[in-house]
């Protein structure tokens, strides 16, 4: 029996009977002769590390094994087709199929199943890919390698990647003659990406460069499939199902509804996602449920990025009204001057303390109290940004007063004229009353003097006729003393009495008003005239004085008269007075207009030198001090106006008097 050894294969004359096909044996013999030496095996075996599977969509074909009627197969002389599970072919790999006559019966028994495998890395050694071996053994009865049943492995057949009706490219399948075989017939290669599903793309199995295969398949023409540049640059992004949020694996079929951007893993998720129950939202005002499909009214919430939903426009109006009320309450604040809760129009920051003023009137009071020099109209108090805005200046009593417009000047003039008329009428009435009283007193005094003079003359005539006697010596002496007054001196006596009376009245009005500059000597309660004189004539501050020390060794210093502002500017505290008699300090504004038992406004003053700086800073920022300073400034301005009016009246009176004298002489 002739034997031909090809690598690990032994071919005998009985081999055709075993295979049942002489043509297949002949072709195998030719392939064996082409190598020429047993050292060149038919199939290369590699015992290196395995190569993991791809995570492709694998289409598994369930094929019934063909029935072979040869007696050799009945005697368990079988043809074995084995393939490793971890097989990765290099280039165009080949699988020897059953005879063509059996393939026709297999087409009707093919079923399709989608399997998703996990992707594993390919282990390499020295840059060369290591492949598992796929070999064919044919043995005779009684030999070392026994025959086995025909084994169609699912893992080996799954690599064929065939699908009925789609006709994808099936790399490496060939017939015995060496031609490419596809789906049971001879066909040419299709595009390498024609088998990829629409939902995902998979990397192709390519042969690593530099690795040579010793299999007969390596002698065939090889096709290297290179991925495109776009596939090399872009990395696959993680995509999840829109319904169940499960990640879609590589190669998994995804479902998408037309016109929608959502992807789903299965039809169940697709149908359940489209029929989800709409979320109901509760209206903010009426607390009714409103479906999100309806055209709800959505408004943003203040001071946040959230939104509020309303069932209709009727619920929006009460919400807006509440917002407006809250805005109005928040915008209102308490005025520093009048202490009213109103809308603030002016804000003044002094020493990092913001004073809020509700109106122009309160602003003018605050401005006068703190000595703020601003461009404001004297009549309406409107602020003028620059001095060049208004050229309406009125000079009254040597002082320039600015106005915003001509109408304010006219109104101010009318107001001053009415005040002057009222003052002149009252002054005339007062003067007339004083004159009448003086005339009455003078008339009464003159009548009494005349009566005395008449009685004296009558007595003189009687005494001239009588003789002198001792009994009436005293009477005659008295009469002589009275008679010694000349009758022409009556008018002089009346004039001197009038002068003395006027001086007495003047002293009565002046003596209690005159006060010393020491606030410690002032009475506890000041009357109106005393307060006016102190406002007109401000007491001087004590300087260049040797201030005494107290028990702790502390004393008053002139540095307390100066206040340092936050910007470094220095201002004088003109309201702070030092009493040498009581060794204490007083607040002039609070001493004149204040009430209560504050240290700086009572009759004893403040002498806490250790905490004086803190007391002064706290006191000058208090509301009581600011109000008293406003009253002081207002009274001072009123007294100046009255003086100006009195001076004008005197000038008018003198002019009228001079005019009357001139008329008399003409």
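The backbone N, Cα and C atoms fix where each Cβ goes, and this holds for glycine too.
Residues or ranges marked as compositional bias 'Polar residues' in Swiss-Prot: 194-208.
For 85 (among others), the entry in Swiss-Prot reads SUMO2 cross-link, with the evidence type similarity to another entry.
Summarising the annotation, Swiss-Prot assigns SUMO2 cross-link to 88 (among others).
The SUMO2 cross-link annotation in Swiss-Prot covers 146 (among others), and the record cites similarity to another entry as its basis.
Here Swiss-Prot flags 163 (among others) as SUMO2 cross-link.
Residues annotated as SUMO2 cross-link in Swiss-Prot: 222 (among others).
Residues annotated as SUMO2 cross-link in Swiss-Prot: 440 (among others). A helical conformation is recorded for residue 440 (SUMO2 cross-link) in the three-state DSSP classification. Around residue 440 (SUMO2 cross-link), there are no C-beta neighbours below 8 angstroms that are at least 6 residues distant in the chain.
Under the heading SUMO2 cross-link, Swiss-Prot lists 452 (among others).
The annotation SUMO2 cross-link is assigned in Swiss-Prot to 459 (among others).
Using a 10 Å Cβ-Cβ cutoff, residue 549 (SUMO2 cross-link) registers 12 neighbours. Summarising the annotation, Swiss-Prot assigns SUMO2 cross-link to 549 (among others) and lists similarity to another entry as the type of evidence.
The feature region 'Disordered' is assigned by Swiss-Prot to 87-106 (among others).
Taken from Swiss-Prot, the feature region 'Disordered' applies to 191-212 (among others).
The feature zinc finger is assigned by Swiss-Prot to 262-296 (among others). In the predicted structure, the zinc finger (262-296) carries a mean pLDDT of 65.
According to Swiss-Prot, the zinc finger annotation covers 308-348 (among others).
For 355-390 (among others), the entry in Swiss-Prot reads zinc finger.
Summarising the annotation, Swiss-Prot assigns zinc finger to 401-428 (among others).
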